[in-house]
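J.: So TrEMBL lists these for the protein:
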| type | residues | note |
| --- | --- | --- |
| BINDING | C115, D117, H174, C177 | Zn(2+) binding site |
Amino acid sequence: MAALAPTPLSKHPLSSSPKIFDSRVQSGEIQPTQFRFLASFRSNTGVRLKASAEPPALTRCDKPESLVEMESGCDLFDELKNRFLSFKSQKYMENSEHYQALSKGQAPKFMVIACADSRVCPSNILGFEPGEAFTVRNVANMVPTFESGPSETNAALEFAVNTLEVENILIVGHSCCSGIRALMSLQDEADSSSFIRSWVIVGKNAKLSTKASASNLDFDQQCTHCEKASINNSLLNLLTYPWIEEKVKKGVLSLHGGYYDFVDCTFEKWTLDYKGSITDGKNRAVVKDRSFWC
Ligand SMILES: [Zn+2]
């Protein structure tokens, strides 16, 4: 059993190569593709209006697909089409009974809260199959407190915990998280001109604890420290929801943290050991069952 604190980072592998974006993004290599992609949709106003007025038209994939190809000069949707047909023939059709059963309902044992980052899809790295994990992804895999009011994250939590009755909530953080870097870079916390700033401030306590305990590290190492501290902050925030705390106390719901380092391809997992009130300074939340997968 150990105190709820991030793993020491004195020899963290990211210390020598910390970057938010990879070199291709920094050089602008990816952006033109994104802009072309967006431009093709923005210029297809007629298509969008037609699709809105006639939903069935969306099932005729020939026209939108060919327009994207013609106007963008790329075949992104050809690739997606191939992947979908491959999924259909290799997974769906071969497990059709399973998929038919899923049409009746779902009973996942996990709710997963992961970052929206394109590099860290939890189903991809942990092998969740359809029906196994109710998943919400947001910037920096954060959970706001109960008092923060409604958000898509706590709406998903309410459904997963109270309706689906999941047995585990797993928060998955990751290396090189742009959202955490935005949090750590925040100068004026009152600045609400950015949706990103307004969101990542959810992790304010993780930033404060990082600044307090890791001030001797350089900024990139502090960001890595905060990536883990923020997971713990969100685990504690989960306990501010009365219906979550009640189930955790009863032992029917477990809260877990996970940290995926995609530079080294390692995964660290731990479980919250909670029996008392987090508002009582004498009862510290601790972690148990920490394991390191490499
Ligand atoms: Zn992230």
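Heads up, the Cβ atoms here are built off N, Cα and C, so glycines get one too.
The model shown is predicted, which means the values in this text are computed figures rather than measured ones.
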J.: Going along the chain, which residues six or more apart from H174 (Zn(2+) binding site) have their CB under 8 A from its CB?
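T.: Result: A114, C115, D117, R119, V120, N141, E227, Y259, Y260, D261, F262.
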J.: Using Cβ atoms only, which residues of the same chain lie under 8 Å from C177 (Zn(2+) binding site) while being at least 6 residues apart in sequence?
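T.: When sequence neighbours closer than 6 are ignored, C177 (Zn(2+) binding site) has C115, D117, A140, C223, E227 within Cβ distance under 8 Å.
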J.: Within the same chain, and leaving aside C115, D117, H174, C177, name every residue whose CB is within 8 angstroms of the centroid of the CB atoms belonging to the recorded Zn(2+) site, in sequence order.
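T.: Checked against the 8 Å cutoff, the neighbours are A114, A116, R119, V120, A140, N141, G173, S175, C176, S178, G179, I180, E227, Y260.
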J.: Please name the residue among the binding-site residues C115, D117 whose C-beta has the most neighbouring C-beta atoms within 10 angstroms.
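T.: It comes out as C115.
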